[in-house]
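Taking it in order: structure first as structure tokens, then the write-up.
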Amino acid sequence: MELKEKRVFVAGLGVSGVALCRVLVNLGANVIAYDRKNEIALKEALEELKDLPVEIKLGEFKEEFLKGIELVVLSPGISLESEIVKKAKDMGLEILGEVELAYRLSKAPIYAITGTNGKTTTTSLLGEMFRNAGRKVYVAGNIGYPLIYAALEAGPNDHIVAEISSFQLETVKEFRPKISCIINITPDHLDRHKTFENYANIKGRIFENQREEEYVVLNYDDPVTWGLKERAKAKVFPFSRKKVLENGAYVKEGFLYLQNKKVIKVEDIYIPGEHNLENALAASSVAYLSGIEVDAIETTLRTFKGVEHRIEFVAEIEGIKFYNDSKGTNPDASIKAIQALKTPIVLIAGGYDKGSEFDEFVKTFDKKVRKLILIGQTAQKIKKTALKYSYPEEDIFLVDSLEEAVRKAYEVAEKGDSVLLSPACASWDMFKNFEERGKAFKKAVMDLRR
């Protein structure tokens, strides 16, 4: 793809936007970057770009910003309903997202992972399987390291394992991973995608360009994910926790199998919980189909310790264990976290409202969630739902900050309980992202020891 001397407009100056600017300048493009935020909010991004020949536009979008532009590249945070996209379409400009641009520039095969929950764990686990098999791998995408960087750095004999979000899939055109994988699909981001059907269809775009010689890995147990199989031109490789699938990945008599090959005893997989068994099956399937030996897969499953902010053990204080599941950004993710812990729980939940319903979330409390500490935009919404299902009002506490939530949780918890931060919501009402929220939780827990 020729970008030299091309006038390129980059919309959005988050992590992906800054990376796009760097790469496009490196490839000889004339870059104009735009974000509606002000200089104070974009301090870090502007600091990173200050030595690059990038023209910066901030504040309210003006049509004149697109004058002379030949290509518009969108950061994942920019909606296709935005004024920028509408104007660019009216002007007949080519519009790409980061994933599409990275694919067109990459010399290395891409193994793409999506799903509502488990993406980061599965992507990290798969990357580790490649490493343990002695392959040079770049783990990138929605996981933190921009895919556009990996695309430029990886050679034809290397491998890119990419976590891909629904926001990123909105803008794919020719994107064709060597192997794609959908772990699961449950309602999320309905504030952006409007309907669950639309959200599920966007997830399915991960494999829409794959050919007959390639593979798509799908969760047999999830009816929405499995229902997408009819759209696949690639070979479908299923995985299941519940059913023996001779031509897929499955569990039989307490062992994980890949087709007819016994891999590992399920109880020997280091990361706990049924949801992590699902992640293990998904990652193992992609690794197996890419030619990685079963020994390397088994070693990784036995030793991989999980990732930060996913049911991460933080500390034990006075017989009370604290777990950070800040990545629980939707109800289904938090349901899985509650199910994974075996002790009584004091739950800290609430945050930015993405339009989620909390009925199924509250139904899993049963007698396991002893106390409920609520924060953020959705605090009243979750409380109302909990009361609807007869959760005791005296066991619900609304507080103003995460630090206060941690102190209150410690106060009401008993020896043998687990305090679990699993918000079932995004972090954007109080924090920049779920990582910042998770770090704030861990600091607040450590402050209890002072």
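For all residues, glycine too, the Cβ spot is worked out from N, Cα and C.
These features come from Swiss-Prot:
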- Gly115, Thr116, Asn117, Gly118, Lys119, Thr120, Thr121: ATP binding site (BINDING)
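Features as recorded by Swiss-Prot, highlighted on the structure.
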residue : record           : Cβ neighbours (10 Å)
Gly115  : ATP binding site : 27
Thr116  : ATP binding site : 25
Asn117  : ATP binding site : 26
Gly118  : ATP binding site : 25
Lys119  : ATP binding site : 25
Thr120  : ATP binding site : 23
Thr121  : ATP binding site : 27
ATP site shell beyond Gly115, Thr116, Asn117, Gly118, Lys119, Thr120, Thr121, criterion: Cβ within 8 Å of Cβ centroid: Ile113, Thr122, Ile183, Asn184, Asn279, Ala333
Reduced DSSP assignment, Thr121 (ATP binding site): helix
